[in-house]
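K.L.:
Okay, here's the structure, questions in a sec.
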Amino acid sequence: MKHNEKPSALIMIFGATGDLANRKLFPSLYRLFEKGNLSENFAVIGVARRSLSNEQFQENVKNSVQSVASNSNNIDEFASHFYYHSHDVTDSDSYVALREMAVQLDEQYQTKGNRIFYLAMAPEFFGSIATHLNEDGLTNVQGFKRLVIEKPFGHDLKSAKELNNQIRTAFSEDEIYRIDHYLGKEMVRNIEVIRFANAIFEPLWNNRYISNIQVTSSETLGVEERGRYYENSGALRDMVQNHMLQMVALLAMEPPIKLNTEEIRSEKVKVLRAMRSIKDDKVDKYFVRGQYGEGILNGQKVSAYRDEQMVDPQSNTETFVAGKLLIDNFRWAGVPFYIRTGKRMKSKSTKIVIQFKDIPMNLYYKTEQTLNPNLLVIHIQPEEGITLHLNAQKTGNHMNATPVKLSYSNTGIDGINTPEAYEKLLYDCMRGDATNFTHWDEVALSWSFVDNISQHWQQTQTHFPNYESGSAGPKDSDVLLARDGFFWWPIGDLEVEKYQ
Ligand code: NAP
């Protein structure tokens, strides 16, 4: 595709009446349409079991984009590109009718025979949908064909391999776009720019100058109505295997020789290969799991995980994970990467703190001062931006070093909401840019790392619940860092002064 060319495609969304389609996919497509990033040559077929007419489906689409539409005049035009096919994905006969509809829309919208298949439904269907698409000729197209697939990609390495083999019968690796929506987030994409476009950071980005790196992703929400899914997943599979390890890989990778898909992925794969495998008894030294009990959040009493809907009252599923990762290569030997993720924590925040080593000689000891370490904080959500923590002298404060912060806030400066991750990922997929999707090699390496931990946890006792809702997680998570002489930088706003 030429650089300025607008993508044309027929997009089939499987699970078009579901939550993801309505909350994320339709609004993201609308924003692309509104900004003029989609050509007129696009059409969408929504697929789900319930019976809806095209008009009813278009009405759903209009309702879903209403809140993001700045110009209500173009909503009708946008929705007119949407069609509905009532179809049970397990019913072989129905794929033939879907193919006929697709052929007709290809013609009507001059889509150049390009097709995107977006699987926005439960993962147990992924394999059989891919097989049907292939066997019933839906992937037999003139243009490109791409499969977009939601998480979770398998439950462990074995099931991920089985799923991969199944979808590879219909799509080649470079046609598979495995979504990790963290990779669509503005500031996660910005990690590369911060690192590789600034002369002041890259020379320091190694074990000579960095003491440790902390990646936190905390939520205040509990498991809500996702109990059934979460009981079989837990925080390790739901967050660590994908989002947390992807962020670590971006932080730790070597500068790629080019900023293209193959080179970036290949550097990320090297990081995952260099990650020290943690298994058996070592797991307890490097990883901490937790499950929330009841507690108070925003002044409201909230219930324990074991009392949530569709959760076993004796459940041993973890809702919190903290871990220490070591990357055994020349750049990172000896630098711990601490990761932490949990539900029902005291605040919602995803951020990365890079803590630099103390300077070799502290001249300010004379004034009985301890200096704060320099920190580079990358705020991913809900705030987006970067903060650099330095020491400087405030006016009139003779010979005293005071912590100061230099901050850049994405939303503050632009004055508009930054585009949603899904909008960027959908656009990337239409343009054929797979950089921010996960390659099979990354998925496989992440599962092998995570499987060792979950296997050990399955065989050992838990003492759940072990953290209160509204807290910063179990005490053992603090002990994990204290053993190395570190502590977690706070989850909410980072006020260094308080931590001297
Ligand atoms: P959901 O609300 O339960 O929607 C499921 C969709 O699948 C519905 O449209 C349902 O419609 C359709 N469906 C179910 N069985 C079907 C069948 N046999 N044949 C055809 N259609 C069928 O689920 P969701 O929250 O949108 O999640 C979808 C996927 O995205 C899951 O893999 C989830 O893990 C992933 N995901 C979701 C989110 C999110 O924000 N929601 C975030 C990250 C990942 P009918 O009942 O009409 O058939």
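Positions of Cβ are set from backbone N, Cα and C atoms, glycine also.
Okay, these came from TrEMBL:
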ACT_SITE  His243  active site, proton acceptor
BINDING   Arg49, Asp88, Val89, Lys151  NADP(+) binding site
BINDING   His181, Lys185, Glu219, Asp238, Lys343, Lys348  substrate binding site
DOMAIN    12-190  domain 'Glucose-6-phosphate dehydrogenase NAD-binding'
DOMAIN    193-489  domain 'Glucose-6-phosphate dehydrogenase C-terminal'
K.L.:
If I restrict to non-local contacts, at least six residues apart, and a C-beta distance under 8 angstroms, what lies near Val89 (NADP(+) binding site) in its own chain?
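P.N.:
The list for Val89 (NADP(+) binding site) reads Phe14, Val47, Met121, Phe125, Ser128, Ile129, His132, given in order along the sequence.
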K.L.:
Cβ under 6 Å from ligand 1: which of the binding-site residues Arg49, Val89, Lys348 qualify?
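P.N.:
With ligand 1 as the reference and 6 Å as the Cβ limit, the list reads Arg49, Val89.
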K.L.:
So which recorded positions are near His181 (substrate binding site), with CA atoms within 10 Å, out of Arg49, Asp88, Lys151, His243?
P.N.:
Lys151, His243
K.L.:
Specify the count of other C-beta atoms within 10 Å of the C-beta of Lys151 (NADP(+) binding site).
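P.N.:
Result for Lys151 (NADP(+) binding site): 19 neighbouring Cβ atoms inside 10 Å.
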K.L.:
Out of Arg49, His181, Lys185, His243, which of these recorded positions shows the lowest number of other CB atoms within 10 Å of its CB?
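P.N.:
Ranked by other Cβ atoms within 10 Å, the recorded positions Arg49, His181, Lys185, His243 bottom out at Arg49.
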K.L.:
Taking every protein chain shown into account, which of the binding-site residues Lys343, Lys348 has the largest tally of Cβ atoms within 10 Å of its Cβ?
P.N.:
Lys343
K.L.:
Which whole-number value in Å describes the distance between the Cα atoms of Arg49 (NADP(+) binding site) and Asp238 (substrate binding site)?
P.N.:
27
K.L.:
Closest to Asp88 (NADP(+) binding site): which of the recorded positions Lys185, Asp238, His243, Lys343, going by Cα position?
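P.N.:
Result for Asp88 (NADP(+) binding site): the nearest of the recorded positions is Asp238.
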